[in-house]
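Chemist: Following this message is one structure expressed as structure tokens.
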Amino acid sequence: MATAQEKATPSCCVASKPAKAALMAASGLATAADWTGRSNGEAPQTKRASAGSSATIATLIQPVVDELSEPPAKASTKGVQILTRAQSSHPLDPLSVAEISVAVATVRAAGATPEVRDSMRFMEVVLLEPDKHVVALADAYFFPPFQPSLLPKTKGGPVIPTKLPPRHARLVVYNKRSNETSIWVVQLSEVHAATRGGHHRGKVISSEVIPEVQPPMDAVEYAECEAVVKDYPPFREAMKKRGIEDMDLVMVDAWCVGYYSDADAPSRRLAKPLIFCRTESDCPMENGYARPVEGIYVVVDMQNMVILEFEDRKLVPLPPADPLRNYTSGETRGGVDRSDVKPLQIIQPEGPSFRVNGHFVEWQKWNFRIGFNPREGLVIYSVAYIDGSRGRRPVAHRMSFVEMVVPYGDPNEPHYRKNAFDAGEDGLGKNAHSLKKGCDCLGYIKYFDAHFTNFTGGVETIENCVCLHEEDHGMLWKHQDWRTGLAEVRRSRRLTVSFICTVANYEYGFFWHFYQDGKIEAEVKLTGVLSLGALQPGETRKYGTTIAPGLYAPVHQHFFVARMDMAVDCRPGETLNQVVEVNVKVEDPGPNNIHNNAFYAEEKLLRSEMEAMCDCDPSSARHWIVRNTRTVNRTGQLTGYKLVPGSNCLPLAGADAKFLRRASFLKHNLWVTAYKRDEMYPGGEFPNQNPRLNEGLATWIKQNRPLEEADIVLWYVFGITHIPRLEDWPVMPVERIGFMLMPHGFFNCSPAVDVPPNLSDVDLKENVVTKPVQNGILAKL
């Protein structure tokens, strides 16, 4: 991911190399040789820190004095882009186009035979994120704004390496010939290695074949599957029975099969497509999902692109063309658009309040880094708040949406097998939009591009993939003194980072909002087109809503999982967080509650992972607080951030529902684990056709690791139950769902009290005559 053509102001926080050297000299810091990692390419493991962990962290920044060899001055680089020095990219920056190309070329060159190399399909090429102490070192001494306070002070000052460790790429490679999935780690260093057709700069650190898994599906496979099905003579005959001979009208959506029996085992790469059919219409964007084709059963071997099973089980007539099916502008859909909408413009004559340097963002008192990958999409790193004399105060190391599951509630074919894992089976990032084609943001916008590998290893770019902008958010705070008639009011502004993706029929917008009062909001916006079923004449279904003649929308749920690696007031290496659950209790009648009106907040410390499987409870205003065990506010209370749930639900399915084999993490709204680097995805890395029971979170927490003072990871599961309405057709108005991270004793008072009034408010006050107190009282009376 890289910065794109943008509308934002130039960064004003870039420091030159002399400035960096001056900073180090002023701090009394010595420079040493390059930092080198272990021989296997992994950074040294950090030990769990306690209150006296400064000495441990200090040892981590003592580099091995072993200079990396510089590349030959005139090396051959035909067909391969040159990588710059290691510290030209921050350790958390997404892979560049050059780095992706190098990683792919390195892995392909390592193939044992031409057949192996030609059959490689590159499902995912992403940054292998470094250990947290490497990030801290980079932020302290290599990248602006230089923050030496991130690392503990040591006697004589730390020894600073002249280079950061080389970056690494992690690749998921599918062998189309052998049906094997492998994981590769490539070091993106300055070291040359001879390959076919020239030189590259990567080094294979490790490779491993992962048995009994299937990687996510790719858009190329979806297109090939559609072509194979439409060319299959029995399918053409079945469509002819339904009055369709023009295959250009037919839409074939390849859905992963999930796992229901041994027939779905990952020894074969399978899909069971859903079929739809357009009408012969002049509408440029006709809603093809308005005519589902039912009764046709197809199983496709996605490895060899052949039809394994085909059966025309039941002749269900195609629904008639619904005159309300399209959603384009009035002229093209056969309707009339409303004419009383006046223009609304957002103008920032002095530019935005945020500053951007590469992927580093500063706004008001917030700062963080932006990342992006094919699976999760947007990732927010190193979230911190600049709190006056207390300086930079960390809140979270990493936040993202790591999985989503959409189970349907109709037990009939084909709807019972609709339970897509849209992140693990497809990829939220891979399906992201270029916001050049339509952006919901207004005002002064900064865009970021995203770079991915395609199926065959080429690099593709989604331009304007991530949107960064400010939004007015109504009232921030207000009070009027009724005695004097004087009032103070402030408007709220928030910084929003977002992207939007399409997975088949549905659109999802993922948003992180940062507020002036220290809150962080995670929000998902759901829109798009309902996935429909066809009805026989006179038929109704109890498991859905009739939308139009011959059409019904099955009930379903949407679940999202946010993973938040918290670091409340924790410096790198410190593991000083804990989680408490808070429930509001009504005081029992008695001497302490003679008026029967008393209630209070009761806290419960979550001491271990097995104890930290929690559900929302609106009746007790349940929420959870992540606290620092060693830092207090002015009243002596531990500083913290609380997770405040929004609307939520649990799966409406029996305990033996097949999709819950792979999605056992949906059984609770909150899970808390101790940080472990490779525990990233709640259902395991490969949920596609996964036969293993309860893989992921449900298995990890059986270790029952202690949480009383730990590096805490929150996994918040939130969902919405969708009972479709007629008003959701033909395109669904946005539904919003999410949660809030809110400071709880983190500050000594409201951090928003210093927000200045709007200029218009100041001008208004200058023309107001203060009322006498007596008049104020009379007015009140």
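The backbone N, Cα and C atoms fix where each Cβ goes, and this holds for glycine too.
OK, TrEMBL features for this one:
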- ASP422: active site, proton acceptor (ACT_SITE)
- TYR506: active site, schiff-base intermediate with substrate (ACT_SITE)
- 90-175: domain 'Copper amine oxidase N2-terminal' (DOMAIN)
- 215-318: domain 'Copper amine oxidase N3-terminal' (DOMAIN)
- 344-752: domain 'Copper amine oxidase catalytic' (DOMAIN)
- TYR506: 2',4',5'-topaquinone (MOD_RES)
Chemist: Just how many other Cβ atoms lie inside 10 Å of the Cβ on the residue listed as 'active site, proton acceptor'?
Modeler: 21
Chemist: Could you round the CA separation between TYR506 (active site, schiff-base intermediate with substrate) and ASP422 (active site, proton acceptor) to a whole angstrom and send it over?
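Modeler: Here the two Cα atoms lie 10 Å apart.
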Chemist: Pull the DSSP breakdown for the domain 'Copper amine oxidase N3-terminal' (215-318) and write it out as helix, strand, coil residue counts.
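Modeler: Within the domain 'Copper amine oxidase N3-terminal' (215-318) the tally stands at 30 helix, 26 strand, 48 coil.
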Chemist: If you average per-residue pLDDT over the domain 'Copper amine oxidase catalytic' (344-752), what number do you get?
Modeler: 96
Chemist: Applying a 10 Å Cβ distance cut-off over all chains shown, what neighbour count does TYR506 (active site, schiff-base intermediate with substrate) have?
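Modeler: Result for TYR506 (active site, schiff-base intermediate with substrate): 18 other Cβ atoms within 10 Å.
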Chemist: Determine how many residues of the domain 'Copper amine oxidase N2-terminal' (90-175) DSSP places in helix, in strand and in coil.
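Modeler: Across the domain 'Copper amine oxidase N2-terminal' (90-175), the residues distribute as 31 helix, 20 strand, 35 coil.
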